[in-house]
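K.L.:
Below is one structure. I have some questions about it.
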Amino acid sequence: MSQSKDLQGGKAFGLLKAQQEERLDGINKHFLDDPKYSSDEDLQSKLEAFKTKYMEFDLNGNGDIDIMSLKRMLEKLGVPKTHLELKKLIREVSSGSEETFSYSDFLRMMLGKRSAILRMILMYEEKNKEHQKPTGPPAKKAISELP
């Protein structure tokens, strides 16, 4: 088996993610230098947050999020969509292919006017993190607190 096809975990996966992060940082720099987005407040931190989310769902590191990665992301957020809805969403976002969208497409959507869908996705994910189950024994309740 060739080394380039061996994507097992560990060192090879770490190198793949490091290369992916370098590519995405280059795209972020392009967006930071673009005068169209210079008026956005706190653009640097937004781009870092978007990069982290994109890397989380681009598991194979090829630079594109496909329909199954998008499906997994929405299911994780508790907003499952049908295959046709996912295709429509990708078609709206993508500048080229109908089956995938790139990091540049993702950023244009997030920073542009048509960002409501993905902002909603990120908002649900943040709310999901806030409601973590408490650890330890449950708190004692008085009789008046019982239903």
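A Cβ is built for glycine as well, from the same backbone N, Cα and C atoms used for every other residue.
Since this is a predicted model, take the numbers as computed values, not measurements.
When I checked Swiss-Prot for this same protein, it listed these features:
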- ASP58, ASN60, ASN62, ASP64: Ca(2+) 1 binding site (BINDING)
- GLU98, THR100, ASP105: Ca(2+) 2 binding site (BINDING)
- 45-80: domain 'EF-hand 1' (DOMAIN)
- 81-115: domain 'EF-hand 2' (DOMAIN)
- SER2: N-acetylserine (MOD_RES)
- LYS11: N6-acetyllysine (MOD_RES)
- SER39: phosphoserine (MOD_RES)
- 127-147: region 'Disordered' (REGION)
K.L.:
Could you tell me which three-state DSSP class LYS11 (N6-acetyllysine) falls into?
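P.N.:
The three-state answer is helix.
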K.L.:
Three states by DSSP: which one describes ASP105 (Ca(2+) 2 binding site)?
P.N.:
helix
K.L.:
Could you work out which of the recorded positions (SER39, ASN60, ASN62, THR100) has its C-beta surrounded by the smallest number of other C-beta atoms within 10 A?
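P.N.:
Selected from the recorded positions SER39, ASN60, ASN62, THR100 on minimum Cβ neighbours within 10 Å: SER39.
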K.L.:
Calculate the per-residue pLDDT averaged over the domain 'EF-hand 2' (81-115) and state the result as an integer.
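P.N.:
The answer is 76, the mean pLDDT of the model over that range.
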K.L.:
Between the Cα atoms of THR100 (Ca(2+) 2 binding site) and ASP64 (Ca(2+) 1 binding site), what distance do you get, rounded to the nearest Å?
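P.N.:
Pair distance, Cα basis, whole Å: 6 Å.
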K.L.:
Given the binding-site residues ASP58, ASN60, ASN62, ASP64, ASP105, state which is nearest to SER39 (phosphoserine) when distance is taken between Cα atoms.
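P.N.:
Checked the binding-site residues ASP58, ASN60, ASN62, ASP64, ASP105; minimum Cα distance to SER39 (phosphoserine) goes to ASP105.
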K.L.:
Calculate the distance in Å between the alpha carbons (Cα) of ASP58 (Ca(2+) 1 binding site) and LYS11 (N6-acetyllysine), and round it to a whole number.
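P.N.:
So the alpha carbons of ASP58 (Ca(2+) 1 binding site) and LYS11 (N6-acetyllysine) sit roughly 18 Å from each other.
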